[in-house]
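According to TrEMBL, the features are:
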- THR10, GLY11, SER12, ILE13, GLY35, ARG36, ASN37, ASN120, GLU122, GLY201: NADPH binding site (BINDING)
- LYS121, SER147, GLU148, SER172, HIS195, SER208, ASN213, LYS214, GLU217: 1-deoxy-D-xylulose 5-phosphate binding site (BINDING)
- ASP146, GLU148, GLU217: Mn(2+) binding site (BINDING)
Amino acid sequence: MRRVTVFGSTGSIGESTLDLLSREQDVQVIALTGGRNVERLAEQARTFRAGIAVTAFDDCLPALRDALQGSGVEAASGSAALLEAADRPADWVMSAIVGAAGLAPGLHALGQGKVLALANKESLVSAGPLLLGSAVRHGATVLPVDSEHSAIFQALRGEDQATVERVIITASGGPFRTWSREAMARATPAEAGRHPNWDMGQRITIDSASLFNKAMEVIETREFFGFSPHQIEVLVHPQSAVHALVGFVDGALMAHLGAPDMRHAIGHALHWPERRVLPVERLDLARLGRLDFEAPDEGRFPALRLARDVMRAGGLAGAVFTAAKETALDHFIAGRIGFLDMAGVVEESLTRLAAQPDFGRPADNLDAVLAMDGLARRTAAEIAAMRGLTTTGA
Ligand code: NAD
Ligand code: MG
């Protein structure tokens, strides 16, 4: 019997993970966690006969309790309950909470010394050394679930990483790939929330439109595999069929292709080190006809430049980047700042906080990361409020 826990089970990655788990024999679900969608969380917990269902928010607990009445599933709420669920022994844990909120549960899950399938890229960007250091200390394995990183991981199988010259991660370019800067400045959250190829949560979809998602993935590539910043490239590829390419010293370029379905990367992490049959569409290249590639335009998508600044700065710059980006995204979704203001808010937050004594401190301590995260959120909110005033002309 394989014991499994899914953090963020009600989200896009969480649902895909449960879809795969529903096809498995001998799986025992230890814990499922979600946010405000308690109806769905309770439904999942009943279907999978989970040991415990946890909502992140205390005000949602009464509704969760009601929905689980008579099911035998324990109900709990709040960050302490999330950590308690993470401490319950499990053989495979999916980390699919969105945002920096996924860091602490992921760290606790690693304490069990098992496999952590990591979709929550924010925890690597803000605290890579802490997360990976903890995995080493506890003898746990972290497997990448982001499609690009799963692709690199697969292309590296059986290879000597010292023979890698460069890695290229692809970006669809999002809905604004061909838009002018002026049009992008006026883009609405609804327009930014329409991804051409992937069906994902709202936040990552908007981050894909700004290329902040790709910027985070560049940093994620550096943290996860240890490549130097100059070895990591981004290529715009509108069809999203090639997820990543690894270039070797002999000039060979190994590409990973697949349908845009996260169940491939999740399934790879679920069955690793084996390969098993997965219920994903097989690519029909003849029907696709062509694969296009273009260089990203950093003028319209400054997030990529900011990712390089963050890698150059090191220390807690990644924590500032993640927190400021999340705050800017909240302000954009609420209609308080414009689409292009998001990069402005993140850049100014990084510039202001670079003067902090702790900014250059290694991201290997949870308290230091969380303190910088809090400071970055307050700073970004202040900057966003100023920009909001300017934008609305008040
Ligand atoms: P989503 O918004 O669909 O789901 C997020 C999950 O986290 C939900 O269960 C939600 O209830 C829960 N949640 C939200 N706020 C929370 C909080 N404060 N505390 C605890 N739980 C909270 O997001 P998603 O698209 O599934 O993405 C999840 C993670 O996976 C993100 O880090 C994202 O970057 C990463 N990822 C997603 C995809 C994708 O295709 N969706 C691909 C690659 C990586
Ligand atoms: Mg990705």
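Using N, Cα and C of the backbone, Cβ positions are placed for all residues, glycine too.
All features noted in TrEMBL, drawn onto the structure.
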residue	record	Cβ within 10 Å
SER12	NADPH binding site	19
GLY35	NADPH binding site	16
ASN37	NADPH binding site	15
LYS121	1-deoxy-D-xylulose 5-phosphate binding site	28
GLU122	NADPH binding site	28
ASP146	Mn(2+) binding site	27
GLU148	1-deoxy-D-xylulose 5-phosphate binding site	27
HIS195	1-deoxy-D-xylulose 5-phosphate binding site	19
ASN213	1-deoxy-D-xylulose 5-phosphate binding site	26
GLU217	1-deoxy-D-xylulose 5-phosphate binding site	27
From ASP146, GLU148, HIS195, GLU217: binding-site residues whose CA lies within 10 A of GLU122 (NADPH binding site)
GLU217
Minimum Cα separation from GLU217 (1-deoxy-D-xylulose 5-phosphate binding site), reported as the residue among binding-site residues SER12, GLY35, ASN37, ASP146 that achieves it:
ASP146
DSSP secondary structure for GLU122 (NADPH binding site), reduced to helix/strand/coil, please.
helix
May I ask which of the binding-site residues THR10, SER12, GLY35, ASN37 is closest to GLU148 (1-deoxy-D-xylulose 5-phosphate binding site) if we compare their C-alpha atoms?
SER12
THR10 (NADPH binding site) has its Cβ surrounded, within 10 angstroms, by a count of other Cβ atoms equal to 24
Env. residues of Mn(2+) site, Cβ within 8 Å of mean position of ASP146, GLU148, GLU217 Cβ
LYS121, PRO144, SER147, HIS149, ILE169, ASN213, LYS214, MET216, GLU220, THR221, HIS243, ALA244
Those binding-site residues among THR10, LYS121, HIS195, GLU217 lining ligand 1, judged by a Cβ under 6 Å from any of its atoms, are THR10, LYS121
Among the binding-site residues THR10, ASN37, ASP146, whose Cα is within 10 A of the Cα of LYS121 (1-deoxy-D-xylulose 5-phosphate binding site)?
ASP146
Could you give the Cα-Cα distance between SER12 (NADPH binding site) and ASP146 (Mn(2+) binding site), in whole Å?
13
To the nearest whole angstrom, what is the C-alpha distance linking ASN37 (NADPH binding site) and HIS195 (1-deoxy-D-xylulose 5-phosphate binding site)?
23
With respect to ligand 2, which members of the binding-site residues THR10, SER12, ASN37, LYS121, GLU122, HIS195 satisfy a Cβ distance under 6 angstroms to one of its atoms?
none
Given that the record lists THR10, GLY11, SER12, ILE13, GLY35, ARG36, ASN37, ASN120, GLU122, GLY201 as binding NADPH, what is the largest C-alpha to C-alpha distance among them, in Å?
22
In Å, rounded, how far does the Cα of ASN213 (1-deoxy-D-xylulose 5-phosphate binding site) sit from the Cα of GLY35 (NADPH binding site)?
22
